[in-house]
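Note sheet for the following structure.
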Amino acid sequence: MTRLLALLFLLLSAPALAQGPDPYAQLAGDGYAEIEAGVAGLAASGDPRAGVILSALSDGRLLVRPSDKTLLIRQATGIVDARTGAPAQDDPALKPVRANNRVRRTIEASQGQLNLVSLDPAKRREAADAVFKARDAAALPALDTALAHEKDAAVKQAMTEARAAVLLAKPGTAEAEKLAAIPAIQARGDGDAMGILRGLGADPSEAVRAAAARGIAAIETRLAILGALQNVWYGISLGSVLLLAAIGLAITFGVMGVINMAHGEMVMLGAYTTYLVQEAIRTKAPALFPWSLAISIPCAFLVAGLVGVLIERFVIRFLYGRPLETLLATFGVSLVLQQAVRSIFGPTNREVGAPAFMSGAFDFYGLSVTWGRMWIILFSMAVFLGLLFVLRKTSFGLKTRAVTQNRRMAAAMGIRTPYVDALTFGLGSGIAGIAGVALSQIDNVSPNLGQGYIIDSFLVVVFGGVGNLWGTLVAALTLGVVNKLAEPYIGAVLAKIGLLIFIILFIQKRPRGLFALKGRAVES
Amino acid sequence: MTRLIDLKGAIFLSLLAAFCLAVPVLNLVVPEGSGLHLPTYLVSLFGKYLAYALLAVSLDLVWGYCGILSLGHGAFFALGGYAMGMYLMRQIGSRGVYGNPVLPDFMVFLNYKALPWYWYGFDHFAFAALMVLLVPGLLAFLFGWLAFRSRVTGVYLSIITQAMTYALMLAFFRNDMGLGGNNGLTDFKDLLGFNVQSQNFRVGIFVATGIALAFGYLIARAMTVSAYGKILIAVRDAESRTRFLGYRPEHFKTLAFTVSAMMAGVAGALYVPQVGIINPGEFAPGNSIEAVIWVAVGGRGTLVGAALGAVIVNYAKTILTGAMPDAWLFALGALFVVVTLFMPRGIVGTLMEKFGSRRAAATLPPEPEIAPKLAEEGQGS
Amino acid sequence: MDPPATAVGPANKSKVTGALLYVDDLRVTFDGYKALRGLSLTLAPGEMRAIIGPNGAGKTTMMDCITGKTRPDSGIALFDGTHDLLALDEPAIADLGIGRKFQKPTVFESHSVADNILLALKGPRAAAASLFGWRNRVAAERIDAILTTVGLLPHRGRPAADLSHGQKQWLEIGMLLAQDPKLLLVDEPVAGMTDAETVQTAELLRRIAGDHAVVVVEHDMHFVRALQCRVTCLHEGAVLAEGSIDAVSADPKVVEVYLGR
């Protein structure tokens, strides 16, 4: 290794790499030492062919023509010239360039450097990151060469960071150089950067120690903010799930005043509809699988909506004005629906697949964002806005509001109130079914699926203010974010308990929720 | 003034007394070979029904007479059960698997070094018995006082009582609670020196539960026939009107809620030794709602009906879950729907309407006409 | 419960002390709708006052403010010259001696007629007192005396739900009598009554006045005339006119409000 290092320093100290000994000639040379020097030289040269040549060498496919010491590579397609890649004549006199363990080790060590000059920017970046992690001083010359040629800003930054990391880890780096390197590490701003700066705690130079401490503080702040942002994101994600679950209830409970304890089962029916749609697609038309969720949405809406209309017609309509009785009767309905699904599909979880667009994640300024959550947030917002549109802008919405505000007057105006009741309840239930499509992606599809959401949904609607859709939105997002912000400190279960207690106390203070309607009628 | 023990009360108490005499005789006196012999496991099963009946009576006191549909009464039941369970755990002493004379097995398993402070005193029966009353009572007092003072009524109250028992369930599932977490408290050995597995103990606790049920009924009945009970019913039917008469409905409701919670706590405490375990599942919101249907089936606002409903529904549950496990939830679900739609007064309420005096039936919760909705808590002008 | 010094300006002090009910500049807003816009009213002890006014004039809202049901945005409401009604809640105000009869008769329908009176009887209102206290040992004569006054003695054992609309009105007045308040607020007592009943009610209220101050809100002008008392006409949340029934009904402003312009 020392030999290699010495060699690299030699190379580095040379005025220009191009003027050093030709690595091709060295590789074609006789002794292992010469070949090893050739490997290092080639790796540091920034030659785009270096990768191919070195991997051929390690596989024993690098050949030398004894006559003119030309290097050739044996590929599946035939013999090519190592330097140019042009096809060449096969020749029985060709001899493989031999490699001993030391040469192999040099090849391995050079692999990272080779990638630094790869044609693929992603590879180059990967290599820079590898150097950053390894902090191998041997990579410094290659890094410098690559840095000089690099055009891609992101890759260049990664390389600068890697170089700074190597310099800071390497013994004997000058104070000024260290001080110059610290800001580059600080700019990186993650846990690794902090590790490197922590390592400078014992640095002999006071200036370096102070700079490192400042850097650590800056990174800590950044990480704290980033962590909070990440939690806010998780919170929004949880909030959107709560919103999805509660939004149908915002109609049946919020607008109509019906306590539907079977609301969770509507969500569950939506999830099972998704399962059935996927099963049908799997057996009949597998090509449609990426579209399975889109197809499930209208199906789930119809299934849950239809069941909702049936419940309204056969149970709830006899109980208007008797909210506590409605609560009990719909709880009974929820038990029947659960048991029915359990009898048909069995008590175990059903597998609902995720189309490709739902999986994976991407990095957004240091935040990790999964596509599945992203889509669910967008979807919940779309459902929310769609519902708002239906209630505010359509004639059906107008009738619904008329009936819920003054039933007798609406009837006198010629609105068929029972019809509106049934359809409004169907709409609320159908939306719960749609929520089930989304929730099938993040929760277990089992007969108990709905049970997990019913209490939360009611609390969201009550917290937001009954009859106020925007209140439901704000309540869902607030509860989601608060829950996720509290979780790191007190744990998931306690956060949930705390939230429940908070809402119980909140309802004491404002029994009508966040955004209550005011007026004489409401006060009585 | 209304008599403390009316006809239905007399019938109920006589039947209860007969039951509490017959069961021990059939179990202890009639020899095992005889066809009339009652196996001990049935004695415990009946004892369980009676504990449920007490829970139902406590629920009826607040729902039937005060209009508070508590969906969290299971929490008071479970808290009473836990208080009893803690006493039973301390009685195990060094007979546990780990043989620790102070710490219950699960604490040894979880590496507890010392007994948590809230376990102190539970080695004394009197203290545990006090806690059976105090813990549910105090929780109900605080919860009720807060909620009733801010005039949270109707479904809002129901929803937050449900949230309360749900929060408690989550809390008790935590191992850090120091109450056995998921597994709860079990492997009980003895109570006041009696082996909880023994036949004599089983019969004894059955009779004790019957006596507790009788006392619970009498206390609830005494409350509801007094002027207090009349005001309670007035609060149920027209809360804001009572305020303009100078009454503070929150005081009346809090008192009823607290007494009811204590009664539920006693029911839980009697239930635990008979089933041999208490775990956080008892806090499940579904349990509390199930208790509500017992009351609805029997007839709310009748007390006797609540007890009857608890026994009938649970007997049906025992039969059905044994014969057709799948059918039970269908039956229970249908029961909720059928009772609310077709028999809103329950069994006893319907009988009172048919055969009883018009006056007695009048104090039953009103059966609102099927009319404009959103009438939820719209009393007053 | 002394009113805060700011509630009673020094200039008003002498004027206030004499009045049983002193209401000044009450303002109430519901979602932007101004239900009361500076309502002022003074009532002497034992006085009977009729309040008239078209729908939405603020009659019921005024009663809501006095009895603690609605909190006004601003204003003063003093009872007996010392009690700030705006700082108290409904039971406390009822305890001071203000009784109220609602527009829609509100009696305890599950209870018998006699029990309705029993619950209204003046006396300690605490929960503990009701469990074991005197209210459980009230002599039937006391209740019967009141029921005789309101003509419901034959119905004493019937559930209140079985009473006719007019009988419920009477029962509610009987409950007010049982409460024995210093001030009775009576909202539309003769709605749904026959003419004969209306005359009886007016007579009853006149008898009550003297011992108690009475404020009657009513639309029925014959009834108001039969009360033979001062009349206050409200319009859009403020006092439009005040005086004898003849003076008020002759007032051109009142005529305009009732008949349109």
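In case you wondered, yes, glycine gets a Cβ from its N, Cα and C as well.
According to TrEMBL, the protein has these features:
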type: TRANSMEM; residues: B:51-84; note: transmembrane segment
type: TRANSMEM; residues: B:96-119; note: transmembrane segment
type: TRANSMEM; residues: B:125-148; note: transmembrane segment
type: TRANSMEM; residues: B:155-173; note: transmembrane segment
type: TRANSMEM; residues: B:201-220; note: transmembrane segment
type: TRANSMEM; residues: B:252-272; note: transmembrane segment
type: TRANSMEM; residues: B:292-315; note: transmembrane segment
type: TRANSMEM; residues: B:327-348; note: transmembrane segment
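Away from its own ends, the transmembrane segment (B:327-348) comes close to residues 8, 290, 293, 295-300, 302, 304-305, 308-309, 312-313, 316-317, 320-321, 364, 367 of its chain (Cβ-Cβ under 8 Å, at least six residues beyond either end).
Counting Cβ pairs under 8 Å that are 6 or more residues apart, the transmembrane segment (B:292-315) and the transmembrane segment (B:96-119) reach fewer than 3 and are not in contact. Nonlocal intrachain contacts for the transmembrane segment (B:125-148), taken as residues 6+ away from its ends with a CB within less than 8 angstroms of a stretch CB, comprise 75-77, 79-80, 82-84, 86-87, 157, 160-161, 164, 191-192, 249-250, 253-254, 257-262, 264-266, 268-269. Beyond the transmembrane segment (B:155-173), the same-chain residues lying 6 or more positions past its ends with a Cβ under 8 Å from any Cβ of the stretch are 68-75, 78-79, 82, 143, 147, 179, 181-182, 184, 279-281, 283-285, 288-289, 376.
Within its own chain, the transmembrane segment (B:201-220) is flanked in space by residues 4, 9, 12-13, 16-17, 19-20, 23-24, 27-28, 40, 43-44, 46-47, 50-51, 53-54, 57-58, 60-61, 190-191, 194-195, 259-260, 263, 266-267, 270, 273-274, 303-304, 307, which lie at least six positions past its ends and keep a Cβ under 8 Å from the stretch.
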